[in-house]
Amino acid sequence: MTADLLLTHFNQVFCPKDLGHPLFGEEMKEAQVLEDGYIAVKDGKILAVGSGEPDASLVGPDTKIQSYEGKIATPGLIDCHTHLVYGGSREHEFAKKLAGVPYLEILAQGGGILSTVRATREASFDTLYDKSRRLLDYMLLHGVTTVEAKSGYGLDWETEKRQLDVVGALDRDHEIDLVSTFMAAHAVPPEYKGRSQEYLELIVEEMLPRVKAENLAEFCDIFCEKGVFTADESRYLLSKAKEMGFKLRIHADEIESIGGVDVAAELGATSAEHLMVATDEGIRKMAEAKVIGNLLPATTFSLMEDTYAPARKMLEAGMAITLTTDSNPGSCPTANLQFVMQLGCFMMRLTPVEVLNAVTINAAYSVNRQDKIGSFDTGKQADITILDAKNIDYPLYFFATNLTHQVYKAGKLVVDQGRIV
């Protein structure tokens, strides 16, 4: 079969292994790295990958051939935890952060999430759409081709739905594919202060059924943290969401360990997020339950904390992990996944292969798109990130610089040398 598109002579092509499950523990050390590699694309899907000169059968009279000496290729990068859609910004809290005021104290003062809730409730659909689209453009320019996006800055039905509607519209309109997560349980809204269980009952009885009926989200998430929602409250919401057919996520062990990882393991959550203060016992439970750890080192960096998620312990225990931005206006105002990948090396001591597996094949499993993206297996969508680097180590070693040369989405060139095509 001849290719429509043949990308040749890469210095290296990074090929994650899709073993039919996320890469656990030692498996994350493994990948195929093709020297002088090529990628053949047919009808927007991967036809073949290999080293050296492509087989003559791949080349026809209409095959477009492009050479990439001095470049590397990876599957399109996947940002599997973001809070993409929100109103306003929170630079006015920055001085407090620099002065050492804890995040939970800022939240208790009506800042943090609640500040963004007010701004998001006031924002129109068009305002949220335009702002989120600009963020997606930035992500695309940095090699990202799929993004998970949460609601959670409305905390009422009208605004939560508006956020999810924006995600749906951008999924249709933008080159990046989006995966939607419903997270009305991101905080207790001011009007329910002191009545968190009552608010969760509102979510369960009124919001979740409408989200499911209107097919607005695939996942349900909750913030299990001291001063927000307890482990029992998280178990209540997520068990109800599971009964309705949602896949589960949980923000857990970010600031204090209060049992969120136990809930993740008990309910078979797809992923647990943050895990900066995860305990050895919690790690063991998540490994046994095959819960993916979505790790967010840029959040630790932004909060000016010293405690990064214990990624090496997780791998030694046999967990699967990803790296992702947590892009949001407060605790992690960035949309640069390449920087997060570099933090994974510098601050978590992950290897380049482990990092690249984390943002490709494991991230694909985290967003339930493993059959479509995350590796260069034949038949998967031809999402390809091409970096201006001589080997796979270089973009992790040479930090704080966007090395994206080109991006292909489903076989279509969408980024070329710093601009969206």
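The backbone N, Cα and C atoms fix where each Cβ goes, and this holds for glycine too.
The shown structure was predicted, so the numbers you read here are calculated from the model rather than taken from an experiment.
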- Asn328, Gly330 bind N-formimidoyl-L-glutamate in Swiss-Prot, but which of Tyr138, Tyr153, Tyr192 does that record place at the same site? Tyr153
- Note on the structure: Note: Swiss-Prot has His81, His83, His251 binding Zn(2+), and from Asp156, Asp177, Asp326 that site also includes Asp326
- Note down the number of other Cβ atoms within 10 Å of the Cβ of Asp326 (Fe(3+) binding site), including every protein chain shown. 27
- Integer Å value for the Cα distance linking Asp326 (Fe(3+) binding site) with Tyr153 (4-imidazolone-5-propanoate binding site) is 14
- Message: Spatially, which candidate from the binding-site residues His81, His83, Gly330 is nearest to His186 (4-imidazolone-5-propanoate binding site), comparing Cα atoms?
- Response: His83
- Query: For Arg90 (4-imidazolone-5-propanoate binding site), which of the binding-site residues His81, His251, Asn328, Gly330 has the nearest Cα in space?
  - Reply: Gly330
- Within 10 Å of the Cβ of Tyr153 (4-imidazolone-5-propanoate binding site), how many other Cβ atoms can you find? Include all protein chains, please. 32
- Item | Among His81, His83, Arg90, His186, His251, the most crowded of the binding-site residues [Cβ within 10 Å] | His81
